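Heads up: the structure comes next, in structure tokens.
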Amino acid sequence: MGTPFTIRARHYRTNEAVEVTVQKGKIARMQACDPQAEGSGPSDREPLPFLAPGLVDLQINGYRGLDFNEFPMDPQRVMAATEALWKEGVTTYYPTVTTNADERIETAMSTIAEACEAYRECARCIAGIHLEGPFLSPEDGARGAHSLAFTKAPDWEQFQRWQEAANGRIRLLTLSPEWPDAASFIARCTASGVKVSIGHTAAAPEQIREAVLAGATMSTHFGNGAHLTLPRHPNYLWEQLANDALWTCLIADGFHIPDSFIKVVMKTKGHQAMLVSDAVHLSGLAPGPYHSHGRIHVVKTEEGRIHLRDNPELLAGSGQMLPWGIEHLVNNGLAGLPEAWDMASIRPSLFMDLPTKTGLDVGAPADFVLFDWDRTRIRLLDTYKDGRRMPL
């Protein structure tokens, strides 16, 4: 794990100067230090940078041209995406494989698994695979951009084949509990160690409740992948919002859901509200016209909004990463920096029961970032994974 070293920075929660000692890949000590002291390590400078836990993204479909759902894909490209994510402060992520033909999903699973076996950095940063689909609602609106041709009822034998291809790395599954026998499928998933999240659903309230009783514990990109019009009450949004057992993920890019909705969810869910990027392969690329999945004409604006070329009102995925979501919450008065950062780091770690769930506590893995913060923008300086400074 290398030679012990120290870093001086400002703690993201308290703004107080601290000296952190890293040894054997873990935080060995943290103590107050002179706020006038220069930072230690590659980011030596004045004033001290901020120190915060590494970001954890539970849902990312692609980045900087790599799409985890487009082929051909090879382990080298998965490694390239992992390296690129360090520049965004992401130390742990769940590549997200979406609705597709059975054999395509299997290929994606095996390729990601091969990357984890071939590259140590992939194995350390990829905590698992998120399978979003194909067990989703076939209804327009609720289905979102997922292909109707491949949407189907939960199939345990097929899921096991994908899990085998992934070498057991599927750790999170998004499904709709509206299908017959969905509850028994959810129970089998949770018994096998897979977290189940409700998403892209047209489920009745009682089906939501049955899913939670069977073991579902999360709502995927809540407020998106939903019908444009719903009954006033009851409906599947109210039911998930009211259920204390469900953690909730939000895309806080300023485009997917309004701030008023984010505010209500944060007030209702408290520490169970989390951020995801749900980024597509165009995230990290320059603004301009693109083809998505080789056939759909889309445009990425200067603001990072991705929409269909022929219908700018329709979004074509998320083009922003977790630091943007944190900035959005803070700049719009929805959260302070500490809470916004926790929503993208400690909370998802806690939900997935990762070793990083204790953040910057002594004994925790030394997964952290150093950054400048001018009260509106985050500028990443360094990213550390298991005590090792990653190349940016």
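Glycine is treated like the rest: Cβ placed from N, Cα and C.
Annotation comment: TrEMBL describes ASP278 as active site, proton donor/acceptor. Using a 10 Å radius centred on the Cβ of ASP278 (active site, proton donor/acceptor) and all shown protein chains, the other Cβ atoms total 26. In the three-state DSSP assignment, the secondary structure recorded for ASP278 (active site, proton donor/acceptor) is coil.
TrEMBL lists GLU132, HIS200, HIS221 with the feature Zn(2+) binding site. Around HIS221 (Zn(2+) binding site), taking its Cβ as the centre, 25 other Cβ atoms fall within 10 Å, counting all chains. Following the DSSP three-state reduction, the secondary structure of HIS221 (Zn(2+) binding site) is coil.
Under DSSP, HIS256 (substrate binding site) is assigned to coil, being neither helix nor strand in the three-state scheme. Long-range C-beta contacts of HIS256 (substrate binding site), restricted to its own chain and to partners at least six residues apart, with a cutoff below 8 Å, comprise HIS221, GLY223, ASN224, ASP278, LEU315, SER318. As annotated by TrEMBL, substrate binding site applies to ALA145, ASN224, GLY225, ARG232, HIS256, LEU315, ALA316, GLY317.
The domain 'Amidohydrolase-related' annotation in TrEMBL covers 51-373.
With the fewest other C-beta atoms within 10 Å around its C-beta, GLY317 stands out among the binding-site residues GLY225, GLY317.
DSSP gives ALA145 (substrate binding site) a coil state; it is part of no helix or strand. DSSP gives ALA316 (substrate binding site) a coil state; it is part of no helix or strand. Recorded residues ALA145 (substrate binding site) and HIS200 (Zn(2+) binding site) have their alpha carbons 10 Å apart, per Cα-Cα distance.
In this view, the densest Cβ surroundings among the binding-site residues HIS200, ARG232 belong to HIS200, judged by other Cβ atoms lying within 10 Å.
For the binding-site residues GLY225, ARG232, ALA316, GLY317, a Cα-Cα cutoff of 10 angstroms around HIS200 (Zn(2+) binding site) retains GLY225. Residues ALA145, ASN224, GLY225, ARG232, HIS256, LEU315, ALA316, GLY317 are recorded as binding substrate; their most distant pair of Cα atoms lies 27 Å apart.
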